[in-house]
Amino acid sequence: MIIKSSNYAVSAVREDQYPKDNLPEIALSGRSNVGKSSLINTLLNRKNLARTSSQPGKTQTLNFYLINDEFYLVDVPGYGYARVSQKKRQEFGEMIQDYLETRPNLKGLVILIDSRHEPTKDDIAMYNYAQYLNLPILVVCTKIDKIKKSQVNKVMSRLKKNIDLNYDYVTVLTFSSVTKLHVAELGNWIEEKISK
């Protein structure tokens, strides 16, 4: 996928704030601080389009980025952030659920999982939920550059132990924003989904 243009479009917390142009969308989800903003910036070859932060819980809205005037990448608030109040977490959950369940132009979900850790209960719940919605899923194991090469197979077997990867619409990639590992494959997956 060749990126010709990429721009922040809009932030939304409810349906009437979503873009109205019916372009296809790919959503990105994962726990707080898993590297969603870094992945967006790396994929789009932009330094600060999506704001990165060492503070988890920064993204609190659905952030829509218009790519090539053809589709949107949608940055979903990170889940599992302990310092957000129970009420706020519930609001995030409802906002994400409304978006995933009601958005007809949603063509796929990228679930980011930190390759240094076991998938969390929230990661597994999001994966199962996307399966339930029959969404094409790309599981991206982020920060793979922080893992020794000899340990990469261990990361994959740990993932398979925790998540049922025998789903027809799932693809798994390792990824690094530092070394740019599998950036092209990520772009190809997105391109394939938005063209269907």
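In case you wondered, yes, glycine gets a Cβ from its N, Cα and C as well.
Quantities reported herein were computed from a predicted structural model and do not represent experimental measurements.
Summarising the environment of GLY30 (GTP binding site), the number of other Cβ atoms within 10 Å of its Cβ, over all protein chains shown, is 26. Residues annotated as GTP binding site in Swiss-Prot: 30-37, 57-61, 75-78, 142-145, 175-177.
Positions annotated as Mg(2+) binding site by Swiss-Prot, on the basis of sequence analysis: SER37, THR59. Just so you know, the Cβ of SER37 (Mg(2+) binding site) picks up 22 other Cβ atoms within 10 Å once every protein chain is counted.
Under the heading domain 'EngB-type G', Swiss-Prot lists 22-196, citing sequence analysis as support.
Separating the Cα atoms of THR61 (GTP binding site) and SER37 (Mg(2+) binding site) is a whole-number distance of 13 Å. Looking at the domain 'EngB-type G' (22-196) alone, the prediction's average pLDDT is 89. When secondary structure is read from DSSP and collapsed to three states, ASN33 (GTP binding site) falls in the coil class.
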